Amino acid sequence: MSFLELAGIQKSFGPVQVVHDFDMTIEKGEFVSFLGPSGCGKTTVLRMIAGFETPSGGTIKINGKNQESLKPNQRNIGMVFQAYALFPNMTVHDNVAFGLKIAGMNKAAVDARVKEMLGLIHLGHLADRFPYQMSGGQQQRVALARALAPKPQVLLLDEPLSALDAKIRVSLREEIRMIQQQLGITTVFVTHDQEEALSISDRIVVMNSGRADQIGTPFDIYNKPATRFVASFVGTLNLIEATVVDPASNRISIGDQAITLREPLGPVKAGDTVSLALRPEAGSIAESAKGDTALTGQVVSSNFLGSVIRTRMKVGDPVISFDMFNAPGLSPPAVGDVVTLRFTASDLLIIRE
Amino acid sequence: MKTQKIGAWIAVLFGASYFIIPLIATFEFSLRMRRGEYSFDAYRSVFSDVQFRESFSYSIVMAILTIVFGILLVVPTAYWVRLRLPQMRPFVEFITLMPLVIPAIVIVFGYLRLYNSSSFIPFTGSARGTDLLLMFSFMTLSLPYMYRSVDTAMRTIDVATLTEAAQSLGASWPTIMFKCIFPNVMSGVLSGAFITFAIVIGEFTMPSLLNRPAFGPYLQLIGANRAYEPPALAIIAFAITWASMALLQLVSRFSKSAPSKP
């Protein structure tokens, strides 16, 4: 039995349905990220788990117990918000102690637990400070300690890094992951930042228009996108329209150049169009088009992005981007050059939805 | 830049003098009871008057009760409107503005008609009942100021997220209200309380027509029959109001900066 079970969850606001038949199971100690653009329903699902929204349909179970009849303050769920939500009238110590006092712990136990939590986030020396005397990153760490202090059964993180600057985001997300692993707490993390989701999750749920388009490990989500949306939302991707030449031998053509795919084309006939995905980092420039999996085209732009150089080349109608790692002495292709991009057949993925 | 600063100071001094000069003149006049020399005879006369002590104490008690019940009415209302009924905000604001556009005398006649001794709710049938009615009328009069002060203070905090944060930590509604929301709107509550205090101390129409021994009618009575005591009373009223305000400020500042004891 899974620790957190979401079965057939639906949510409508008036006539607008924002979550459709959302099913998911999360194991104890797992770190799952809900990833998707604004308005895709990821925060709504999180809020339903917390009890702040009532599902229009479906069931939510935590540790086998149905949560429907429980109010948010009865669910024993820790939550961290984008806006920190520390109580401005309380010090760091009192913020972290808040949930413990409500749970009825005695003063000595409260103080010990607060000390332990502040030690975990390395802010023990700021116990007497008020939230307004701290930076955003520090406040969010306190919010995390406050949420974890009463030992919740599930930790919910609602875009906790969105309000922070880039450097703090990276360090804090690593800290969150470390603490999560250390405590072994089941965690659901909502974000619209794919890098965040890819870097710290055990599994990712990519959400689109209130539905889970794909649930998988970061590796699977990135390398084997199940839908066109997942392919385009996660990472940079070339979406190429190709024409089927011979379905039996998986042969297609891009522009007027033929390629044999490794993956079976499925029930298509010659002349049909199929969508293919190719990551920019999958290919490399070759001297000549040896073998079958190479495309030759004319460079239309070449942009220096620091660690990589992203080049776009025209192969008939489609324009394909590819990356080259920056290195001293590298001479990037110039606009107008004719180059050959070589890759393996398995790098070309068929997008079926 | 320097000229601008001097100009600003002149404007401030001019504005302040508009308030301070009459106050000084009132104070100076209150000292002239004894012919040919300054004295505190007027103050002595006021303080020795039993009616002053009774009416002032009565108004102070009424002011405290009005503030307490006003807070209990306004803070949860403003909180709930912000949290759950934002679409009702214009309506609630309109209701709270009514006492500004309906004269006090109209309100009090309405009360007398609705709550007289032969009505279903005979507030005016007893002294305590009339006191209660008077307190409600003071609450009504101070509603526009109290509601706005509290609502403005609530605008500075994220009421919804703080509530959800507290709920996720297991807090019940009373805990959320009194530990998370109330202390964070204290500045607004205090502003509303100051204005309520001033309104209650100075209000004449309501207590006069409800025939209660408040400070406003006493002030009017003395003003109509004596020369030096009214300015002395005005100064005393000012001093007590200011002292109360300073005390409230001190209390709020002290409670906010008190460190925790880990």
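Just so you know, glycine gets a Cβ as well, placed from its N, Cα and C.
Taken from TrEMBL, the feature domain 'ABC transmembrane type-1' applies to B:56-251.
The annotation transmembrane segment is assigned in TrEMBL to B:7-27 (among others). Counting only same-chain residues 6+ beyond the ends of the transmembrane segment (B:7-27), those with a CB under 8 A from a CB of the stretch are 231, 234-235, 238.
Long-range Cβ contacts of the transmembrane segment (B:56-79) within its own chain (Cβ-Cβ under 8 Å, at least 6 residues beyond either end) map to 92, 131, 134-135, 138-139, 142-143, 146-147, 150-151, 154, 159, 177, 181-182, 185, 189, 192-193, 196-197, 200-201, 212-216, 218, 240. The annotation transmembrane segment is assigned in TrEMBL to B:56-79 (among others).
If you look up TrEMBL, you'll see B:91-112 (among others) marked as transmembrane segment.
Here TrEMBL flags B:132-147 (among others) as transmembrane segment. Within the chain carrying the transmembrane segment (B:132-147), a Cβ under 8 angstroms from the stretch's Cβ atoms is held by residues 62-63, 65-66, 69-71, 73-74, 77-78, 92-93, 96-97, 99-100, 104, 107-108, 111, 115, 123-124, 191-193, 195-196, 199-200, 203, 206-207, 210, 212, 214, all 6 or more beyond its ends.
Annotated transmembrane segment per TrEMBL: B:185-210 (among others), in sequence order. Beyond the ends of the transmembrane segment (B:185-210), by six or more residues, the same chain brings 59-60, 62-63, 66-67, 70-71, 74-75, 78, 104-105, 107-109, 111-112, 124, 130, 133-134, 137-138, 141-142, 145-154, 157, 216-217, 219-220, 237, 240-241, 244-245, 248-249, 252, 255-256 to within a C-beta distance below 8 angstroms of the stretch.
Feature annotation from TrEMBL assigns transmembrane segment to B:230-251 (among others). Sequence-remote contacts of a segment are chain residues at least 6 beyond its ends whose Cβ falls under 8 Å from one of its Cβ atoms, and for the transmembrane segment (B:230-251) they are 23, 26-27, 29-30, 42-43, 45-46, 52, 56, 190, 193-194, 197-198, 201-202, 215, 219, 222-223.
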